[in-house]
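Feature list (source: TrEMBL):
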type     : residues                                                 : note
BINDING  : Asp21, Ser22, Tyr53, Gly54, Asn85, Thr86, Thr195, His196 : substrate binding site
ACT_SITE : Cys84                                                    : active site, proton donor/acceptor
ACT_SITE : Cys194                                                   : active site, proton donor/acceptor
Amino acid sequence: MSVTAVSPMIPDASAPVGIFDSGLGGLSVLRAVRATLPRERLIYVADSLHAPYGERDDDFIVDRTMAIGEWLVGQGAKALVVACNTATAQSIALVRERLPIPLVGVEPGVKPAAAVSKSRVVGVLATAVTLRSARFQSLLDRYAGDCRFICQAGHGLVQAVERCDTSSPALMALLESYLAPMLDANADTLVLGCTHYPFLDRAIRQIAGERLQIVDTSVAIARQLERLLDAHALRNTAQPDTLPRFCSTADGESQRQLAASLLQIDAPVEHVDIRSRRARLPEPDIV
Ligand code: DGL
């Protein structure tokens, strides 16, 4: 019996774009996609029930990414944005191979950071899984050049954003403990290697002032999506502006709050139950 529930429907340009993250971080990508492609219909899935992914094992992340990708295909998505560096690092090749729609992933902006840093010292904040992934190592090998990259796992930061905490004293102290060694080492550029972190930009500015230029790849991802839709003749030019369809595997309360306060989008959040593919496998016979 096959457990893959991929829709046989062939999407057209009026179909929605699916965007997914472990939680609320992908909303920073959704913001850029809406600005670049205001006519596209969007379905956003936050897997907040299972966030953070950044401290999960690799199989779990691949399993959730495939399950949510398949669910979005089943909802008629014409393209998928994996708006999560951690899920991209662990699963993008497999998901690209298995899903029948074009997709875009997210990677830390090592290349643009190396291009703009004058001090040749760059800080990277990302999840532990992203930093230890082969894809991230390969980005450093290809693009770091003569730059020194100080890589710091942002333990606790995803959880803070999931609680809609972008400025509490405890969060500021945590963030400062991550940024101080970078500033002490004369870093002049900071790569935000997790889509949750752009929501901490004001806090980062408060700590670092103008000493760090922030590299956030969300606008580049939106442009990449635009190119991809054009290449597949899937760009929607007719649809008037609509609110995104927000979905969450948790209760969606934080999502609604963060979208309203930081994106000025007041939209309801649907609870969705997206079972892991492993959980859908039939139980083995007990002998
Ligand atoms: N927004 C995800 C990323 O870009 C966060 C991963 C997590 O849930 O730890 O990596």
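Glycine residues also receive a Cβ, built from the backbone N, Cα and C atoms like all the rest.
Caution: TrEMBL annotation is automatic and unverified by curators.
The shown structure was predicted, so the numbers you read here are calculated from the model rather than taken from an experiment.
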For substrate: widest Cα to Cα gap among Asp21, Ser22, Tyr53, Gly54, Asn85, Thr86, Thr195, His196 in Å: 12
Distance [Cα-Cα, Å, rounded] between Asn85 (substrate binding site) and Cys194 (active site, proton donor/acceptor): 6
Asp21, Ser22, Tyr53, Gly54, Asn85, Thr86, Thr195, His196 excluded, remaining Cβ within 8 Å of their centroid (substrate): Gly23, Gly25, Gly26, Ala51, Pro52, Cys84, Ala87, Thr127, Thr130, Val158, Cys194
Whole-number Å value for how far Cys194 (active site, proton donor/acceptor) lies from Tyr53 (substrate binding site) (Cα to Cα): 11
Cys84 (active site, proton donor/acceptor) versus Asp21 (substrate binding site) - Cα distance in angstrom: 5
Candidates Ser22, Gly54, Cys84 (recorded positions) - the one closest to Cys194 (active site, proton donor/acceptor) by CA: Cys84
Pairwise Cα distance for His196 (substrate binding site)/Cys84 (active site, proton donor/acceptor) [Å, integer]: 9
Those active-site residues listed as Cys84, Cys194, and which of them has the most Cβ atoms within 10 Å of its own Cβ: Cys84
Chain-internal residues, separated by at least six, CB under 8 A from Thr195 (substrate binding site): Asp21, Gly25, Gly26, Ser28, Val29, Ala83, Cys84, Asn85, Val106, Ser218
List of residues, in chain order, with Cβ under 8 A from that of Ser22 (substrate binding site) and at least 6 apart: Ala46, Asp47, Ser48, His50, Ala51, Pro52, Tyr53, Gly54, Arg64, Cys84, Thr86, Ala87, Val158
Packing count at His196 (substrate binding site) (other Cβ atoms within 10 Å of its Cβ): 31
